[in-house]
Amino acid sequence: MPELPEVEVVRRGLEEHLSDGVIHDVDVRHPRAVRAQPGGAAELVALLDGARIQSIERRGKYMWLVLNNGRALFVHLGMSGQMLIHEASDPALPTTHVRISARVDVGEKDLVLSFVDQRTFGQWQVTPVVADPHGGFTGVPVPVAHIAPDPFEAVFDPAVVARRLRAKKTDVKRAILDQTLVSGIGNIYADEALWAAGVAPSRRTRGMRQRDAVAVLEQAGAVMRRALAQGGTSFDSLYVNVNGASGYFARSLNAYGRAGKPCPRCGEPIVRVQWTNRSSHFCPQCQSS
């Protein structure tokens, strides 16, 4: 699943091309793409037709388009979702795995927004907007209301979140993947943040020093900012920005995906272990447990 930097790259692309655009001619081509919409495809089409895009926002891995009808188009990219933008006259309009398409008029431009999703885990949902319980936004879509602020937000306080983290009875990697504690961090950036902070993923949160917990959270933000500057992390063709280009932060990873290779800090081979239904990558020498 795309993590914060990858979703932010997409959000910025949508903001650049679609801000103040008017949506029409919405075509839902796969029912799973609107499975959370109470009234299905017909309702989503009716709520989007003629709506103007006021802004494009993001919290953690979740993105939404603020509409002028008091609602928001919530976009979940799932494992393989892509939001691709083309001129309506472009002969290279995508045709494979397009689950939803929409025309968007932006000034004199006639654009097509295609939601391409090979694995069909992603979705669109037009939803009411509710007050943000964390105060970062004027309002958030209903599916985002329970999601915690991410490290890029002004309302995110590493010291406060660190205290909550230390109150949990779990391991630190599981804690920072909890989207109700801190959002936006997935498996890749969890491994990278823990490596950067010198903390083993198995370290128990109870008994953790405050400064170590803060360091993990601060490093998560720092790592994701570096990833954002490089367009995110792409291991295959499924993650791309709105123009179809891939990010290249994979070349800068220190732990994730580097099993058996020397730790950039101490030279000890990076270890890969099974962790729940995923993998953890860490240095057994310089990440303390």
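Note that Cβ sites are derived from N, Cα and C of the backbone, with glycine treated the same way.
With His97, Lys168 listed by Swiss-Prot as binding DNA, the candidate from Arg103, Arg119 annotated for that site turns out to be Arg119. If you take the Cα of Lys168 (DNA binding site) and the Cα of Glu3 (active site, proton donor), they are about 23 angstrom apart, rounded to a whole number. Shown are the recorded positions His97, Lys168, Arg278; of these, the residue with the fewest other Cβ atoms within 10 Å is Arg278. The maximum pairwise C-alpha distance among His97, Arg119, Lys168, the residues recorded as binding DNA, is 41 Å. The zinc finger (254-288): residue composition by secondary structure is 0 helix, 13 strand, 22 coil, according to DSSP.
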